[in-house]
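Look at Swiss-Prot and you will find 1-37, 361-537, 866-908 tagged as region 'Disordered'. What Swiss-Prot records for T24, T887 is phosphothreonine. The domain 'FERM' feature in Swiss-Prot is assigned to 40-320; the stated evidence is sequence analysis. Positions annotated as phosphoserine by Swiss-Prot: S340, S389, S403, S427, S433, S437, S517, S837, S876, S882, S900, S903 (among others). Here Swiss-Prot flags 371-395, 402-412, 473-492, 499-514 as compositional bias 'Polar residues'. Swiss-Prot lists 435-448 with the feature compositional bias 'Low complexity'. What Swiss-Prot records for 543-734 is domain 'DH', and it gives sequence analysis as the kind of evidence. Among the features that Swiss-Prot reports, domain 'PH 1' is placed at 763-860, with the record citing sequence analysis. The domain 'PH 2' annotation in Swiss-Prot covers 936-1033 and rests on sequence analysis.
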Amino acid sequence: MGEIEQKPTPASRLGAPENSGISTLERGQKPPPTPSGKLMTVKIQMLDDTQEAFEVPQRAPGKVLFDAVCNHLNLVEGDYFGLEFPDHRKIVVWLDLLKPIVKQIRRPKHVLVKFVVKFFPPDHTQLQEELTRYLFALQVKQDLAQGRLTCNDTSAALLISHIVQSEIGDFDEALDREHLAKNKYVPQQDALEDKIVEFHHSHIGQTPAESDFQLLEVARRLEMYGIRLHPAKDREGTKINLAVANTGILVFQGFTKINAFNWAKVRKLSFKRKRFLIKLRPDVNSSYQDTLEFLMAGRDFCKSFWKICVEHHAFFRLFEEPKPKPKPVLFSRGSSFRFSGRTQKQVLDYVKEGGHKKVQFERKHSKIHSTRSLVSQPTAPNSEVPKQSPQSASLTFGEGTESPSAQSCQQAKETKVCTLEPGPRQSPALSKSPSGSKAADGTAAAAPPEEEDEEEGGKDGIRPSNPQPPQPSTGSLTGSPHLSELSINSQGGAAPANVTLSPNLSPDNKQASPLISPLLNDQACPRTDDEEEGRRKRFPTDKAYYIAKEVSTTERTYLKDLEVIASWFQSTVSKEDSMPEALKSLIFPNFEPLHKFHTNFLKEIEQRLALWEGRSNAHIRGDYQRIGDVMLKNIQGMKHLAAHLWKHSEALEALETSIKGSRRLEHFCRDFELQKVCYLPLNTFLLRPLHRLMHYKQVLERLCKHHPPNHADFRDCRAALAEITEMVAQLHGTMIKMENFQKLHELKKDLIGIDNLVIPGREFIRLGSLSKLSGKGLQQRMFFLFNDVLLYTSRGLTASNQFKVHGQLPLYGMTIEESEEEWGVPHCLTLRGQRQSIIVAASSRSEMEKWLEDIQMAIDLAEKSNGPTPELLASSPPDNKSPDEATAADQESEDDLSASRTSLERQAPHRGNTMVHVCWHRSTSVSMVDFSIAVENQLSGNLLRKFKNSNGWQKLWVVFTNFCLFFYKSHQDSHPLASLPLLGYSLTIPSESENIHKDYVFKLHFKSHVYYFRAESEYTFERWMEVIRSATSSASRAHSLSHKESHLY
């Protein structure tokens, strides 16, 4: 590898350290042995116009040279790029990665190879690395200067203003005009100078990374973005230009697009001499197959364009790289060319799963000056804060979010110990990245076209392959807004913008465990094996003791939840005049008596357990090995508080009504939800007293089942069970109604584009991630099923971190059917509404069956009710368009997916770990039945967590609720240190090969993330397995309903 001429490479200017780089080979594959022999020097021109010389063996395949360039740049997402050069016929072609370099570049001393962008994704948020987006921005800058990216003056000025912001920083008119005089970005730049300066003034505070992102946001909407024109003629001899994009083949007349052939419509591509042929699929109502013919300058031009089409189709439409064709025994017909490298789907999965060593870097622009504070503003487009200071050091925790109070963390080469020093609480702000969706936009949707060289008679057919199972990754997803696998986000919501996700603590570097925090790491905590074994032997062995202990541990958590409203929320409200007095008098006077009562209840339970364990009054211990009398006494006391319990539903409705009518109160409540103590949505805490009654009922059922009828505690337990069952039955209807009401309001906060989600009569049924088939292929969408309508949304990179509603399908008159064979997509469903039809695909067969069952049930209910009521119809977005107009509008909205807000449209942070986001990142779904079952399956207590790199165990206080594990140092902590959403995880018992050698250990596993936890007894082990299994393995609807019916509220 040679030396750079004068200027450093993009990676070195960004401060990226040298490393071995990332190969484009899939995991488990080994690169072909590099041929020995004579070396050849190849000059590569980078996107910043610097040149680099590389020495490679002459007989080496093109992949060796391409990988050397990617390694030199430390480029992870190198598959979007390619090397182009003029061949001996002066035709600009792409370097074939499989052929020997010497057969392609015959005179390397006289050929300049260019490293450029080859595949332009439809959505720049799919580019997950800042370096990748920077290189794309350089490509846009280059295309502007060369006249490839044509646009109007306003768009050109806006693009240049973002480039100037990235290069020189915040607005300074004199500096701007001096810079524009020295740098020409477009041929007629002088006429645009005033507009450029005006636009640049609006970008104050925008970081270079944000400028790159906004540049791509503007560029991707231009018709000529990523378009490379190839001159041709149609059958009539009219001069046209052909181009290929992620969607298919495009036809231009000049710079105006006049036709487009989507991949789904193309059956076969071929060429014969200088004729390029496109064979289309027949229409639904016709068996006639249309074949289009275009004439190009010659066979070489024709074949070159055909190869480009083959590669674009494979990259954007296939799940995995097509397998090579077997060599013919006798005769060889047709082209042997095939796409080589990872598909976009594989690239997205590879980066998301953390299958690489994240390179931490900072931009080094000598003239950068920005007035924006990283603390005060959300950094919407950044996948990571470019510059990390000691005050914003970060800790990765699984796939990693961060500790807001991190003050210092040494690099692992120095020490593994990370420390936290107390500091002022930072203003919560989101640090998000424009990451791509789980399913690639453009993965295999319909049966793809065959590509063949008819002149030589061969076929290079490309068929969609089944996606490979996810490979285990060893790194953490740093710099991503994705849900942390075990996140140190003690707020349970948005993470501070001034905290970066450091890759230097990832397991790849053997530096720290994915389960690490200053309070949860190997060095900071003593080993607890001997101590815990001793304590466990002193505990009683009776199952009734552990049932009673469960009452104590869960009561502690319940008391903390009451304090969120009675103490923390009330204290915050008293400091600000943002809540009406009537609302205050409805909420707080009904929580304070409950808090006082349950404080005394907990003391009684703990005193009884102390006697049971023999820690005091050992001579009378036998008389106190029971809990039924305590439960009966206090449940009878609760009946006197029933009036307060009835008020909680009224308080919830009043709060949501007030929030709807007061922007100030809405912002106040949203800010409170971002505080550390509010680890769940605020309205969830208002329903906690109703949920707690069910837990008492379950505990008493277990006690009655455990004790024989002649046991001293049986009579009290049975009497207490009768009392609590009566209370639960009285509140049953209210609880069902309020859970639906609370869920609708929670979903409303996650959605934008619909204002009337919560109306009387609307019921939530299921939410989850599905892939929607469109002209761009399969694109990940979040679907929300209600009893009257099915909404689908996309997750754009917005400062609010919400999902944008893009379409709605009324259920009345809808039909649903499986359509895997028709579209060639696994787990595919076709939904046909009265005005619109869509095709969706689930991530698995079980997910498809859940959606099929729930949607069909909702359709049947809509049919029985003879269509939606007028009120339900009025709640839906207006839809008076004709079917054609509706389709066009839907297509338009598809082009607008994932669009980010500009820096002038920043919104307040939004909780980023809601169930909607978990389902999005785990590609799963959850129903209202699941939510109701989750309410019943809540548990608290001490667990031992195994250290990743040693045999030690660490004691943690763990709370399981809302499909998530929350971790505390002890039960006295006011807020969790970390959280682990469990949807998508598998729950198993460790095998002998894992060398755990301890009793009562269970294992949680998701992709490369593995955690071992240890319970104190057989009963607690079974209880943890039971409640966690309810979240990790969602049962079928029929099973869920039967379970639900067997547990009456």
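A Cβ is built for glycine as well, from the same backbone N, Cα and C atoms used for every other residue.
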In the predicted model, what is the mean pLDDT computed over the domain 'PH 2' (936-1033)?
90
Taking the modified residues one at a time (S340, S837), which has its Cβ surrounded by the most other Cβ atoms within 10 Å?
S340
Quick check for the class: what is the C-alpha distance, in angstrom and rounded, between S340 (phosphoserine) and S837 (phosphoserine)?
36
Counts by DSSP class (helix H/G/I, strand E/B, coil) across the domain 'PH 1' (763-860):
20 helix, 50 strand, 28 coil
Counting by DSSP secondary structure, give me helix, strand and coil numbers for the domain 'PH 2' (936-1033).
19 helix, 41 strand, 38 coil
